[in-house]
């Protein structure tokens, strides 16, 4: 009878725990954080497409007013290319500066301060036409890129540190979901009935200020990351309060003890620099995996899909004026697939979604190449091409579109995480810029066969991840580190030596590791 009662209590506690995983504060933090961050990244990817013709007219009119002559086609193309691609340069700058910012200001306040970039960018771009200055639009794009570079590192970092491990993947997918929603919103607002007119295109950029203001209003009422407060600020009282708020329960002693227990394995909490992280053998495969996933994230060919969409829709017989509305199907597919991924990631795991997503893209790229090559010989093949486009977008969004951000937050201990996100962000934005720079040459040289290049990249990524990536679902950061440690004897030996040294510490020395301050201003506890 006693055993039955105990089992009943355990099951009841598990049910209660599951109910408490998704607290109101956790949901609000995820939605508000993503709306003012990853949403704006997705929005700025797509918002320049609809008003392209009108912006080029604005450039030409401004040039004529200044120099009393029309701008030549080459200069106009150069200005437009700079306007589009300079967003990536700003993103790279943001990814580089994010490490010191999150160190000194924390995760939440980094997201809040980052809105300064978004507001300045919105004002510059929104008033560029009124001021008759295309330089304001270009400057606004690079500042908006800085905002995106910071947010795509700070947001996943924040979400990974405030969420219980049971829902860490689902909450992490909020980043990808809002990127997709942002892309879709940019497509909708760019329709002729809304802001897709010559007189209204500046509003497409001015509305960027709205998500930023909403985030600035909501985030101050939410706590900072409890792990950041506990392990970097050494403020146990604020950390406990943050845990209570995000977990929705009064007793958080287990969570605090779990963080402190994990932190004993790695005692030096001084934040790792990029060079220190790269020289650290114990995270060698984690870094390689992050670089591969982030590289494949940008190089897998989704940008090429956007390039071909309109021409494929035209070839299928869709009226030119109707294409902008049909294109909405791509944004809707993107969003639905990302939501689906968020719902199933904690059931299926990261590995199946990531490897399966890349694998499906390989198949559909091959079919798309065949259908594009033969579409003028068989009347129904353009419709197969449309189906392939939607399938490739869905395959990308169910795994490769969001999981790389989740993995970066899961692979590294507290002190290494900012540097890891800086590496991931740098790879992300460099590859983004490389695609924008090289794709026109690849497309002109290979024509429809360019998709085979992306198929090879996806196949390479899927193969690597199949052999290297461990499943991280429902695992603590220490368990994930152990899974990687088994792949390298040197890594395992180093970890065993650290543990052996830790065991030889006296209990007095162990207690001092959790004291609020040390002689050097640093505490010696940190989390895996």
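Yeah, the Cβs are placed from backbone N, Cα and C, and that goes for glycine too.
Transmembrane segment is the annotation TrEMBL gives to one range among 45-66, 111-132, and that range is 111-132. According to TrEMBL, the feature transmembrane segment maps to residues 419-440, out of the candidate ranges 419-440, 485-506, 507-528. By number of Cβ pairs under 8 Å, the transmembrane segment (380-407) is matched best by 287-308 from the list 20-43, 78-99, 138-159, 287-308, 419-440. The predicted model assigns the domain 'Major facilitator superfamily (MFS) profile' (30-473) a mean pLDDT of 89.
The stretch with the most CB contacts under 8 Å to the transmembrane segment (20-43), chosen from 111-132, 201-222, 419-440, 446-469, is 201-222. Taking Cβ pairs closer than 8 Å, the transmembrane segment (446-469) reaches residues 285, 288-289, 292-293, 295-296, 299-301, 304, 350-351, 354-355, 358-359, 361-362, 365-366, 368-369, 372-373, 400, 407, 439, 487 in its own chain, all 6 or more past its ends. Taking Cβ pairs closer than 8 Å, the transmembrane segment (111-132) reaches residues 33, 36-37, 40, 58, 62, 65, 94, 101, 105, 139-141, 143-144, 146-147, 150-151, 154-155, 158, 201-203, 205-209, 211-213, 215-216, 219-220 in its own chain, all 6 or more past its ends.
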